[in-house]
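For SER2, the entry in Swiss-Prot reads N-acetylserine. If you look up Swiss-Prot, you'll see 27-71 marked as domain 'CAP-Gly'. Taken from Swiss-Prot, the feature repeat 'LRR 1' applies to 154-175. As annotated by Swiss-Prot, repeat 'LRR 2' applies to 180-201. What Swiss-Prot lists as repeat 'LRR 3' is 206-227. Taken from Swiss-Prot, the feature repeat 'LRR 4' applies to 231-253. Here Swiss-Prot flags 254-275 as repeat 'LRR 5'. Taken from Swiss-Prot, the feature repeat 'LRR 6' applies to 279-300. Feature annotation from Swiss-Prot assigns repeat 'LRR 7' to 309-330. The annotation domain 'LRRCT' is assigned in Swiss-Prot to 343-381. For LYS460, the entry in Swiss-Prot reads N6-acetyllysine, with the evidence type similarity to another entry. Residues or ranges marked as phosphoserine by Swiss-Prot on the basis of similarity to another entry: SER492.
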Amino acid sequence: MSDILPLDVIGRRVEVNGEYATVRFCGAVPPVAGLWLGVEWDNPERGKHDGSHEGTMYFKCRHPTGGSFVRPSKVNFGDDFLTALKKRYVLEDGPDDDENSCSLKVGSKQVQTIGFEHITKKQSQLRALQDISLWNCAVSHAGEQGRIAEACPNIRVVNLSKNLLSTWDEVVLIAEQLKDLEALDLSENKLQFPSDSPTLTRTFSTLKTLVLNKTGITWTEVLHCAPSWPVLEELYLKSNNISISERPVNVLQKMRLLDLSSNPSIDESQLSLIADLPRLEHLVLSDIGLSSIHFPDAEIGCKTSMFPALKYLIVNDNQISEWSFINELDKLQSLQALSCTRNPLSKADKAEEIIIAKIAQLRTLNRCQILPEERRGAELDYRKAFGNEWRKAGGHPDPDKNRPNAAFLSAHPRYQLLCCKYGAPEDEELKTQQPFMLKKQLLTLKIKCSNQPERQILEKQLPDSMTVQKVKGLLSRLLKVPVSELLLSYESSKMPGREIELENDLQPLQFYSVENGDCLLVRW
């Protein structure tokens, strides 16, 4: 806190009693004597008015209770970069130590060191820093030119989130002294960005990661600044109310990751404007209200030219409720991983299995690896579940008669491919099971490992409608043996010594007349 005001006080970011604000006015507010600062709070509930007092408008606020008048002595205008860095990282003299003793401060931790020369130790400590965090340290400006470069020339990673930086120009003054800067986090600094492209310099020539969450930046401002980021690979723009208004032409061409989450103004049509980024592998679109997506350049069963390198897509917390969304994702030529949690579609029965069946090349779903046997099971279940619908739409096991209508092919683009892969569903598979009491469905079965007689015989209750494939999945988890290696048969309690193979993975236990008290025989 200081009674001396900065020359450029209007627009400065400040902190007052732990709350953040922007200075909008400096001057007298009659009839009360003295100098006042009019501030607009980040939290509008903190304020008292809209910038007016007794009928006179001194400044404007976006919210009717977003403004207050405060005395300059109550306002924290922050520290320069190096002062904040020393407060957090460097040696401080201990009040009771002798002249050869000092205490090392890292965050809030104090570590005593004996016998080191203070100044030399301080300088060497700063020069050794490469990865620093000045989160919430009230950094407001660069300070005297050249001092950062002299004191800490080896810094590569800087977290400056939640500070008092007011303008992009001030960020440039800091960054131009860090010649090896690779990653910079400026989140939660309400920054004023240049309205047109700044003069090209080498300030950010090594920058690969830039985090601008909650900075108030617009897409136009991103594109204005982007020529200064020639090797940028990761850009985070969460919670800025961004709308994508134009294509990034000759900029951001090396970007691999783009986070646009929590920007509700973004819609499906805007995504086409970034679809030509040649190296974009990772796209985060969580919490933007997304409900649909289309790649109009690709027909059913074909691949789109849009997002050619996209491998990882995150669309959590959206309004996705139609399977057509998932169908479209199968058109992406490079997609390997999808996260689609907390969407209306996620609540559908067997939603994850259906997603796996619909997207052929998917390797990871909701951060879980898709094993080959899991994919096979999902595709077989999908083929069976929609078999009757396929038949009604004109599908047929005979290739010469197999002509499902356009509506079915649109809703199930991969169904024909699955029939080619596994064969068309047989009549027996498509018969509807008649419902009956659950108690009658449950079978108490012994499970014996035939080639490992020393293993304890297990006992499990299984529904007789459970398919052989799902029984194998259960046994795979119990025995820690891959599904593909398991062979199943059973021995009837009514016919001791006779072994019956369970050779069709798609058939339920009841198909083989497995009964209560029978013994499943497992080999691998």
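Note: Cβ is positioned from N, Cα and C throughout, glycine not excepted.
The stretch from 154-175, 254-275, 279-300, 309-330 that makes the most Cβ contacts under 8 Å with the repeat 'LRR 3' (206-227) is 154-175. Across the fold, the C-alpha of the residue listed as 'N6-acetyllysine' and the C-alpha of SER492 (phosphoserine) stand 16 Å from each other.
Across the domain 'LRRCT' (343-381), the prediction's mean pLDDT works out to 93. Within the chain, the repeat 'LRR 6' (279-300) has long-range Cβ neighbours (under 8 A, six or more residues past its boundaries) at 238, 253-264, 266-268, 271, 306-307, 309-322, 324-325, 328-329, 331-332, 334, 409-410, 413. Long-range contacts of the repeat 'LRR 4' (231-253) within its own chain (CB-CB distance under 8 A, at least 6 residues past either end) are made by residues 187, 204-220, 222-223, 259-266, 270-271, 273-274, 276-279, 284. Taking Cβ-Cβ distances under 8 Å and a sequence gap of 6 or more within the same chain, the neighbours of the residue listed as 'phosphoserine' are ARG498, ILE500, SER513, GLU515, ASP518. Secondary structure of the repeat 'LRR 2' (180-201), assigned with DSSP and counted as helix (H, G, I), strand (E, B) and coil, comes to 0 helix, 4 strand, 18 coil. Under DSSP, residues within the repeat 'LRR 6' (279-300) fall into helix, strand and coil as 0 helix, 3 strand, 19 coil.
Neighbours of LYS460 (N6-acetyllysine), defined as other CB atoms within 10 A of its CB across all chains, total 14.
Applying DSSP to the domain 'CAP-Gly' (27-71) sorts its residues as follows: 3 helix, 22 strand, 20 coil. The residue listed as 'N6-acetyllysine' falls within a strand when secondary structure is assigned with DSSP.
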